[in-house]
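The next block holds one structure in the form of structure tokens; read it before the comments.
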Amino acid sequence: MRANCSSSSACPANSSEEELPGELQVYGSLELVFTVVSAVMMALLMFSLGCSVEVRKLWMHIRRPWGIAVGLLCQFGLMPFIAYLLAISFSLKPVQAIAVLIMGCCPGGTISNIFTFWVDGDMDLSISMTTCSTVAALGMMPLCLYLYTWSWNLQQNLTIPYQNIGITLVCLTIPVAFGVYVNYRWPKQSKIILKIGAIAGGALLVVVAVAGVVLAKGSWNSDVTLLTISFVFPLIGHITGFLLALFTHQSWQRCRTISLETGAQNIQMCVTMLQLSFSAEHLVQMYSFPLAYGLFQLLDGFLIVAAYQTYKRRLKNKHRKKNPGCAQVCRKKKSASSKEADSFLEMNEGAVAPGPSGPADCHRALEPTGHFALCE
């Protein structure tokens, strides 16, 4: 699926900046900002989040990859299918439909990892899913694009950004590996790094969102249909990912993780593929979609985190009113236990249904998530 770039006018990679429309020059500046900020954000963020990963738990996911398998099914099964249905339902132009489909076929983005941390998700599963989906994209992206576009009679071939996928893998695995090592050698310091990284990650996400709105203010006058799809697409991804995880009897913690991983796509990879495959004339019609999708998935992520934290806080207050002595018991257990981090792993690895099982206690009988400590 290679694009024919023999003539400079047909391939944007061979076109000079002066040949591009003024609107695309703005997009070029926007892409440069996103590229630099994303590279810095990815390295620092994945290092700090790697400090939450334990080798034992990571190996458990690799040995029993049920969660990873469900995540890959959501990523390369649900998302391309949803993209195809949206393109057909809204009767998009062929060029616009391709942009939507390419976004649906992209692997998961690292933005899902920081949101997973904020909703007390399974960080080991989240990082494993992001890595595995990026590796699987080497084969699954061309396969999905071929299956969904063979009936559209495309006149232009699509170029898979293998180099971009490789760079993403390097930027993902190396910082995580350093973070895992720091967590293994200096567990106390790793907790501090994790907290700082979570705050810095949130600040960087806000910077990216503001930069996107300011630099691409002209794109909001584009096709309303594309903007509508960019708004509903990540939401549908989050919802269907959660439902599929629930249907396959994953724990509540894994359901949240898989949901966030499903709706969060690698925007930079989509933009790169559009640049490699289409001319400047077509890019004007297509660039607004990945940009709007990226901004809306940030907004959706923040809303999900805010809803979860509010729900969690209400459950804490409700439980403390019903069990006033539980806080003291939990504090004693917390101080006596050297393995508090294990509470962030699902209570029963072999459980066949989400939610707590067995006798209720101070931590497990409070609400469906069952893994975060309500007595703090």
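Including glycine, each Cβ sits where the backbone N, Cα and C put it.
Any TrEMBL annotation is an automated prediction that lacks curation.
Over in TrEMBL, the protein carries these features:
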{"type": "TRANSMEM", "residues": "32-53", "note": "transmembrane segment"}
{"type": "TRANSMEM", "residues": "65-92", "note": "transmembrane segment"}
{"type": "TRANSMEM", "residues": "98-119", "note": "transmembrane segment"}
{"type": "TRANSMEM", "residues": "131-150", "note": "transmembrane segment"}
{"type": "TRANSMEM", "residues": "162-184", "note": "transmembrane segment"}
{"type": "TRANSMEM", "residues": "196-218", "note": "transmembrane segment"}
{"type": "TRANSMEM", "residues": "224-246", "note": "transmembrane segment"}
{"type": "TRANSMEM", "residues": "290-311", "note": "transmembrane segment"}
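Listed stretches 131-150, 162-184, 224-246 were compared with the transmembrane segment (98-119); the greatest number of C-beta pairs under 8 angstroms is found for 131-150. Within its own chain, the transmembrane segment (162-184) has Cβ neighbours under 8 Å at 39, 42-55, 58, 107, 110, 127, 130-131, 134-135, 137-138, 190, 193, 266, 268-269, 272-273, counting only residues six or more beyond its boundaries. The transmembrane segment (65-92) makes no contact with the transmembrane segment (290-311), as judged by fewer than three Cβ pairs under 8 Å among residues 6 or more apart in sequence.
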